[in-house]
Amino acid sequence: MEETLICCTIIHLIIITGTSVITYPNCKLTREGMEYRGNISVTTSGRTCQRWDRQEPHAQGYGSHLPGNASLHENFCRNPLANEDATPWCYTTDPNVRYELCDIPACECRDTLHGETYIGLKSHTVTGKQCLRWDSVNSSNPDYAAIRNLKGSISDHENYCRNPDRKTSPWCFIQTDSDQWEYCDIPFCKRGNEECLSNPSGLNYFGTVSRTTDNIECQRWDEQKPHKHVFSTEFMGLPVSKHNNYCRNPDSRERPWCYTVDSTVPFQYCDIPKCQERNCKITDNGIEYKGKHNMTRNGIPCQRWDSTFPHVPSNKLSFPGETFSAQENYCRNPDGESSPWCYTVDPSERWDYCYIPNCSKKITYPNCKLTRLGMEYRGNISITTSGKTCQRWDSQSPHSHDYGNDLPLGASIHENYCRSPDSEDAITPWCYTTDANVRWEYCDIPICECRDTLKGEGYIGSTAHTINGTRCLRWDSLNRSNSKYASILKLKGNITSHENYCRNPDEKLAPWCYIRVDNGLWEYCDIPFCKQNSAECLNNPRGQEYLGTETNTEDNIECQRWDEQKPHSHELSRGFMGLPAPEHANYCRNPDNRDRPWCYTVNSTVLFQYCNIRECQEHDCKDTEVGLEYRGIINMTRNGIPCQRWDSKYPHEPSSKLSFPSESLSAHENYCRNPDKKLIPWCYTVDPDVRWDYCDVPFCLSDSDDRR
């Protein structure tokens with residue numbers, strides 16, 4: 001068969017089981033699952049796992065084989081030594097059952113370019129053909145030799161896509177006269193959207209360049225004119241419409257290309273620059289990492305790879321096509337560990353992992369929505385769920401409308417971005433389309449994984465584990481008639497839709513979830529704030545949101561780094577407050593809602609102490625998003641224009657519909673207010689050309705229940 005590659009995308013993997021969506025790393029990428037770092041802590045028979053740092057009820061020594069401190073892995077299923085076990089497992093809390101295997105789902109994605117380790121359940125090719133069972137292929141087939149490379153029993157692989165012989169991507173045999181084969185479209189576990197090439201061929205390019213080297217506009221992939229082609233359904237793990245008319249490389253050519261709108265030029269390559277070298281990792285284990293980080297996660301400098309002092313490197317290590325000296329003393333992963341690492345210059349510490357950030361960008365506010373309706377969404381997504389381009393809000397073609405008047409600051413500022421101007425009509429941001437036959441469609445706007453108030457009452461994200469890493473129970477799995485679970489009745493909308501995600505229906509200190517069925521036990525979740533407060537003072541007495549740089553306690557003892565375990569061992573080294581532990585350095589923090597910010601100390605005789613951090617002066621701030629209650633004295637718009645007095649008619653005559661119940665207009669002078677329930681506080685301006693504008697009023701982030 002002529003080899004034609006339909007490659008796949010670096011897209012965030014999902015597995016759908018019932019109503020849950022399982023995302024990496026809550027699934028395993030390989031059969032053995034040594035890389036598994038999810039939080040499943042129950043065996044196949046339903047027994048609870050014993051903690052790896054405990055010796056009861058079963059004495060064990062496997063904790064020392066786990067990367068980092070055994071306590072970091074709590075009681076989650078793991079596979080410390082793959083040569084002994086076929087899948088993650090754990091010791092059980094049942095004294096009569098020493099250990100059992102765990103049921104860890106397989107990821108429906110690949111974490112390497114060729115997907116050699118893919119063990120998912122996909123069983124059809126990129127053209128939609130059903131795969132044949134591997135154990136049904138005749139041994140006379142010229143490609144039969146590849147089957148012998150399948151790990152384990154051949155029948156266990158059924159008719160699933162695999163890559164036993166390091167082809168370009170996973171593949172399978174299909175039913176033809178000669179049992180030929182085709183590639184499968186297995187997405188990557190992570191997808192980048194950089195406007196550059198991370199490898200010469202650009203197989204994983206998902207940018208938005210839409211013109212060729214000769215500046216010819218690209219033809220849309222979901223169209224067959226002027227050039228007919230075979231990429232009409234989906235490729236690279238996405239529906240064809242999602243690729244718009246962007247340059248892509250779905251068939252492993254030299255570099256990204258596209259069909260053109262010029263009927264005389266079928267296709268051309270695109271000129272896309274190479275990405276600059278980044279000091280970050282693309283995959284979870286960072287096998288490809290070639291950056292220059294040369295210090296372990298605990299701050300110990302790395303030993304050179306070509307040195308034998310103070311530690312003699314293993315003779316099993318190698319860097320194919322490269323020398324040891326070329327790696328200098330940079331963090332690397334030559335043996336498939338769970339993360340880049342290095343030998344250290346400390347004679348008492350042979351090796352340790354390095355903290356290497358991930359290259360993929362997180363979606364942060366305001367490029368996501370904070371509420372289900374998304375009226376506050378101000379991101380720049382301008383494509384509908386079906387891939388249609390949005391019409392500009394200040395345009396009346398191809399569809400006439402009057403919604404532009406409902407958008408703050410005028411329609412032109414919102415360009416053609418998805419919006420939700422009227423909560424009564426829409427359930428999520430939407431837009432009119434540039435397709436004359438389709439008036440409007442909804443947009444796929446991601447939900448923010450953060451909270452915009454101190455308590456996070458409005459949080460609607462999908463975090464499903466507590467601050468201690470315990471997996472949350474589904475809200476609809478609990479007995480709502482039991483008084484222990486009365487909070488469930490306060491959830492908005494359909495209870496089932498909240499699945500097992502962290503929520504705060506009863507205004508506790510932060511989003512939380514239930515973790516035990518029998519006694520109503522619950523724990524807080526670690527949901528970061530959408531806007532980080534770097535002020536060197538406390539917005540509230542506890543200082544839960546404090547992200548300043550104080551590094552000494554009230555007795556002037558230096559703080560221990562949060563990513564270190566000496567002199568005091570602790571369970572906060574995985575990260576908290578929405579940031580990895582190294583980013584907290586040795587600053588005072590309050591990750592567990594104590595009286596005020598604190599830290600572990602470098603004094604081995606003093607476990608921890610509180611820090612003396614002053615309270616901020618009375619804030620000119622708002623308690624809620626819309627700020628109806630705001631009575632501060634900010635009197636300038638977010639664009640720096642001074643406010644007009646509310647009792648003045650110059651240069652703008654105020655609307656006759658405005659009122660401040662039981663208060664006079666003059667009492668509000670020229671301060672920002674929200675008398676008519678706009679999105680946020682605003683004011684008329686002294687600029688004759690700008691009638692009104694919003695004001696930038698910060699959140700108070702107060703933990704008081706006394707809202708004005």
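Just so you know, glycine gets a Cβ as well, placed from its N, Cα and C.
Some features that TrEMBL has for this protein:
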type	residues	note
DISULFID	C161-C184	disulfide bond
DISULFID	C247-C270	disulfide bond
DISULFID	C331-C354	disulfide bond
DISULFID	C502-C525	disulfide bond
DISULFID	C588-C611	disulfide bond
DISULFID	C672-C695	disulfide bond
DOMAIN	32-107	domain 'Kringle'
DOMAIN	114-189	domain 'Kringle'
DOMAIN	201-275	domain 'Kringle'
DOMAIN	285-359	domain 'Kringle'
DOMAIN	374-448	domain 'Kringle'
DOMAIN	455-530	domain 'Kringle'
DOMAIN	542-616	domain 'Kringle'
DOMAIN	627-700	domain 'Kringle'
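Touching of the domain 'Kringle' (201-275) and the domain 'Kringle' (285-359) is ruled out by the presence of fewer than three CB pairs under 8 A, sequence neighbours closer than 6 excluded. Here the domain 'Kringle' (285-359) does not lie next to the domain 'Kringle' (455-530) in space: the count of CB pairs under 8 Å, restricted to residues six or more apart, is fewer than 3.
Across the fold, the C-alpha of C611 (disulfide bond) and the C-alpha of C525 (disulfide bond) stand 24 Å from each other.
When the disulfide-bonded residues C161, C331, C695 are compared by Cα distance to C502 (disulfide bond), the shortest distance belongs to C695. When averaged over the domain 'Kringle' (201-275), pLDDT in the model lands at 88. Most Cβ pairs under 8 Å with the domain 'Kringle' (542-616) belong to 455-530, among the candidate stretches 374-448, 455-530, 627-700.
When Cα-Cα distances from C331 (disulfide bond) are compared across the disulfide-bonded residues C184, C247, C525, C588, C695, the shortest belongs to C588. Secondary structure counts, DSSP: the domain 'Kringle' (285-359) has 3 helix, 12 strand, 60 coil. Cβ environment of C672 (disulfide bond): Y630, G632, I634, N635, M636, T637, C643, P681, W682, C683, C695, V697 lie under 8 Å away, each six or more residues apart in the same chain. Cβ environment of C184 (disulfide bond): K122, H124, T125, V126, C131, C161, S169, P170, W171, C172 lie under 8 Å away, each six or more residues apart in the same chain. Proximity of C270 (disulfide bond) to non-local residues of its own chain (separation of 6 or more, Cβ distance below 8 Å) is seen for V209, R211, T212, T213, C218, C247, R255, P256, W257, C258, given in sequence order. DSSP assigns C525 (disulfide bond) to coil in the three-state reduction, placing it in neither a helix nor a strand. If you draw a 10 Å sphere around the CB of C525 (disulfide bond), it holds 25 other CB atoms from the protein chains shown. Around the Cβ of C502 (disulfide bond), a 10 Å sphere holds 25 further Cβ atoms from the protein chains shown. Rounded to a whole number, the C-alpha distance linking C354 (disulfide bond) with C588 (disulfide bond) is 23 angstrom. The Cβ of C588 (disulfide bond) lies under 8 Å from the Cβ of Y546, G548, E550, T551, T553, C559, P597, W598, C599, C611, I613, each of these being in the same chain and 6 or more residues away along the sequence. Each residue in the domain 'Kringle' (455-530) gets a DSSP state, and the totals come to 15 helix, 10 strand, 51 coil.
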